[in-house]
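Annotation comment: TrEMBL describes 1-16 as signal peptide. The domain 'Jacalin-type lectin' annotation in TrEMBL covers 24-159.
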């Protein structure tokens, strides 16, 4: 009898693990086909996104850099244009990213869970709107392709890191 109860408990535990909700999702790539691949996947280990730098010129998103916790990612893209920088408030997260592209990225708008809209670039091209697939998840890192401009962007979503003493 004890063996049957133990077996039932083990099966119930395995079933609970099998149906545990996934939290990560991905949107993209939005943009054209050129450039060299980049990914900030390792940067998410430094903490949540806390600031965003975007370089823009008259027509395009030229470059990107994201701060994870207190550490800036490697800058990707070109050097022409104006550099704009936005800092998130403590505990604030990006919950939606929209924008426009043609052969290159032309516009990015980051929307936060505090209701802020952080726009960069020009309002021309094909529109996209990216949100996480799973509830209570936020933008954790970006990837894409770049050269002298940002060719394309991918958006990776997951839960907010629970242990971030350095953020």
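Even glycines carry a Cβ here, placed using N, Cα and C.
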On the domain 'Jacalin-type lectin' (24-159), the mean of the pLDDT values is 97
The DSSP breakdown of the domain 'Jacalin-type lectin' (24-159) into helix, strand and coil residues is 6 helix, 81 strand, 49 coil
